[in-house]
Amino acid sequence: MNSFSTSAFGPVAFSLGLLLVLPAAFPAPVLPGEDSKNVAAPHSQPLTSSERIDKHIRYILDGISALRKETCNRSNMCESSKEALAENNLNLPKMAEKDGCFQSGFNEDTCLVKIITGLLEFEVYLEYLQNRFESSEEQARAVQMSTKVLIQFLQKKAKNLDAITTPEPTTNASLLTKLQAQNQWLQDMTTHLILRSFKEFLQSNLRALRQM
């Protein structure tokens, strides 16, 4: 897992760097897997904004996979029954037909609002994940910061920013306190559910964004 941290999934500095270099006109930061020399080369074919978003989401998914691996290795949550999962009352964002993100009834504007709103709702859960990992602490932080960058990317594509719902800070603070006060078993279960749900949400995002 440590080798993953130093190669396939860069440290927090990458995500912090993206936040610092994100200008008003949708820039071309060097994403994971890109060669900075190739990005600057005059004869290379630059990635479109959609391609960069696609690559950025896949980068976050790689980080989630690493975090899930640590979670599964230290507990039996990944093998827990569906009944145990159903007992958890987390209200994690998920896609529904009305969100316009599925192939049937696809609506770009409605879908983009749902994606951004969902990512904003996930932020408090990603904050909860901080300090929940020992060997993957940097990866948890990088997933959180990369998600903030992704939100900024997508907001540049959205036409109806007023329709995007931002969670109330006081509500998030109360939820975070409640989650952190759970017993150890529930905290492990919460960690597992957040990672699993965030992975599924991002995978749905990928499929929807590729239609835009």
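Glycine too: its Cβ is placed from the backbone N, Cα and C atoms.
What you are looking at is a predicted structure, and each value in this text was computed from that prediction instead of being measured.
In Swiss-Prot, the cysteine linked to Cys78 by a disulfide bond, out of Cys72, Cys101, is Cys72.
The glycosylation sites examined here are Asn73, Asn172; by Cβ neighbour count within 10 Å, the least packed of them is Asn73.
In this structure, the C-alpha atom of Cys111 (disulfide bond) lies 24 angstrom from that of Asn172 (N-linked glycosylation site).
The two recorded residues, Asn73 (N-linked glycosylation site) and Asn172 (N-linked glycosylation site), show a Cα separation of 29 Å. Long-range Cβ neighbours of Cys72 (disulfide bond) (same chain, at least 6 residues apart, Cβ-Cβ under 8 Å): Cys78.
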